[in-house]
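J.: So that we are looking at the same thing, I have put the structure below in structure tokens.
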Amino acid sequence: MATDPRKILVTCALPYANGSIHLGHMLEHIQADIWVRYQRLRGNDINFICADDAHGTPIMLKAQQMGITPEEMIAAVSEEHQKDFAGFDISFDNYHSTHSDENRELASSIYLELKKNGFITSRTISQLFDPEKEMFLPDRFVKGTCPKCKSEEQYGDNCDNCGETYSPTDLINPKSAVSGATPVMKDSEHFFFDLPQFESMLKEWTRSGSLQTETANKMQEWFESGLQQWDISRDAPYFGFEIPGETNKFFYVWLDAPIGYMGSFKNLCDKRDDLDFDEYWKLNSTTELYHFIGKDIVYFHSLFWPAMLDGAGFRKPNNVFVHGYVTVNGAKMSKSKGTFIKAGTYLNHLDPECLRYYYAAKLNSRIDDIDLNLEDFTQRVNSDVVNKIVNLASRNAGFITKRFDGKLSDNFVAPELYNEFVAASDRIAELYETREFSRAIREITALADKANQYIDEKAPWVLAKEEGKEQELQEVASVGINLFRVLMAYLKPVMPELAARTEAFLNETLTWECIAQPLTSHEITKFKALFNRIDPKKVEAMVEESKEDAAIEMAAKEKAEAEKEKANQTELDKEPIADEIEFDAFEAVDMRIARIISCEEIPKANKLLKFQLDIGGETRQVFSGIKSAYTPEELVGKHTVMVANLKPRKMKFGMSEGMILAAGPGGKDLWILEPHEGAQPGMRVM
């Protein structure tokens, strides 16, 4: 008896809206998409959503550096993110943003409900404050010397050199990473979510058996360490949502980020008549809710998020599926080595289905790191997908289309072998359901080996040359096509584009149920290449492009840092005071007040202006290199200061009888000295 379709809501962690998607992000989104596509293939009612995490200090500051608004920046990033995900066939039903009306309303209502129920407290805390930018500094925006190993330029929460963790106030010689100023301590009222009140509920949820063992064990460690109240507020200036009823107080990004799951789903519900938001999020909902996340954000998703939902009267997730990190060639992704590969860079060179297959061949239900070994990646995809699976179709299709007008045999001559393939469906289904994708791939490729063994033994290429073997040739080739059909039905969640091309070739939609019986007396279309081998040169080109991108990015970063450092320099930093002189040397310089009688440009002189100066009973001619800063009309009639006893200097355009004093670095940034009213031409400057 058929069961009703399951109603399932699936989310991926929200990518932060201040950078590009890379192959580390893609592990999670591919893992989730394979699971979602499998559920759709089995007829379940599933909705797959995501959004950009679009709030926080880093976004605010990066937008300032770019000279645009945060809204403009996150809109551009969202467009890039969605393009990359579409390029990898991630089949979201909705992709939204945490900076949305839906999310603002939900975050505010959840906060107010938590406050009403007694789960929000407030107290005054002391934080580091940037006196120049007039902003409180998050840990990562304070730099200084590590208190343990004394390494310089370390962040305010941990040392990259020795691994020590500490408070920003423990840093030696702390500096604001925003302005370079020395931060000061300043008090501010902050709001806290009272997480310890939910300890019993969280322990019960942990013991329910639905969480991964590693996650449950980690939560037990946190329980033993003691749960702490969670600071959910930030002070202005901040890019985010203001806390209802407060002034210049904003929700911390990690409060409204997970609520972004709800906001994205609410946005989807508003677009469709067949979805009810409350059905999926109400307390005791019978629908299923699953979050796919990386192991770096387990703390938020296994403690704060379910506690917030519970405290505000919503349902909790059925499970949080956690995966490990991605390494490349056995090491952390490296920009200098070209192994920090952006999704867009990958798509410039390689088929996204290659990565989907390779990740699937490595993924399991545990929190294991996945290594993308580029040499193994090439060999694995070429060996499994091209040589074993697609080759089944290419080896047999030509015989059917050329010799039998594209029609498969009326008889199926290998029922036992076919039944063995079909019998694997329950095992493979269970492996997909439990996210044991690598084991599912091993099952599928083992079947592919058996199919190729059958074709090798029957040798249709030999039968094609023998008279009277036409029927046997058609039957053998038809078996090969049918076995390929079963394999592609099993691979459809992993390689949807290859499956779509296969469906066009077979002239049939691949479903989990259709493979129960082989195709007989069925017409297929002319075979076209379904999948191309990975060319190692394209992999190399991808790595080289990643290196070039990293070099450009580093150069831009260094330029920005140099400009920032220059902007933070004092005038004495830029030009230190000259060596000391004796008073007699200073007294020898005769500076006088001068009135500018006339000023004119000199033909063919790029920098010089020609002056006639009244110094109280005497007129001097002076040439001065301030043409880039002033027009002659601006200067006539002004009083200024000149060195009157400088030895006259013969120049190309005439004799210069002194020097006008000006301040500034040069170019347009020059200012002549102008004395106060009352100073008369000829007066000596003392």
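For all residues, glycine too, the Cβ spot is worked out from N, Cα and C.
It should be emphasised that the depicted structure is a prediction, and the values quoted were computed from it without experimental measurement.
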J.: Can you say which of 15-25, 81-91, 125-135 is given as motif ''HIGH' region' in Swiss-Prot?
T.: 15-25
J.: Of 147-151, 207-211, 332-336, 407-411, which range does Swiss-Prot call motif ''KMSKS' region'?
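T.: Residues 332-336 are the ones Swiss-Prot records as motif ''KMSKS' region'.
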J.: Quick one: which residues besides CYS146, CYS149, CYS159, CYS162 have a Cβ within 8 Å of the Zn(2+) site's Cβ centroid, in sequence order?
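T.: For the Zn(2+) site the neighbour list reads PRO147, LYS148, LYS150, SER151, GLN154, ASP160, ASN161, GLY163, GLU164.
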J.: Return the residue, from the listed binding-site residues CYS159, CYS162, with the maximum count of other C-beta atoms within 10 angstroms of its C-beta.
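T.: By the 10 Å Cβ neighbour count, CYS159 comes out on top.
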J.: Summarise the motif ''HIGH' region' (15-25) as counts of helix, strand and coil residues per DSSP.
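T.: Looking at the motif ''HIGH' region' (15-25) with DSSP, the answer is 3 helix, 2 strand, 6 coil.
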J.: Starting from each candidate's C-beta and looking 10 angstroms out, tell me which of the binding-site residues CYS146, CYS149 has the most other C-beta atoms.
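T.: That would be CYS146, with the highest Cβ count within 10 Å.
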J.: For a three-state summary based on DSSP, what are the helix, strand and coil counts in the motif ''KMSKS' region' (332-336)?
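T.: Its residues divide into 0 helix, 1 strand, 4 coil.
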J.: In angstrom units, rounded to an integer, how far apart are the Cα atoms of LYS335 (ATP binding site) and CYS162 (Zn(2+) binding site)?
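T.: LYS335 (ATP binding site) and CYS162 (Zn(2+) binding site) have their Cα atoms 22 Å apart.
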J.: What are the helix, strand and coil residue counts for the domain 'tRNA-binding' (585-686) according to DSSP?
T.: 7 helix, 46 strand, 49 coil
J.: In terms of DSSP three-state secondary structure, what is the assignment for CYS149 (Zn(2+) binding site)?
T.: coil
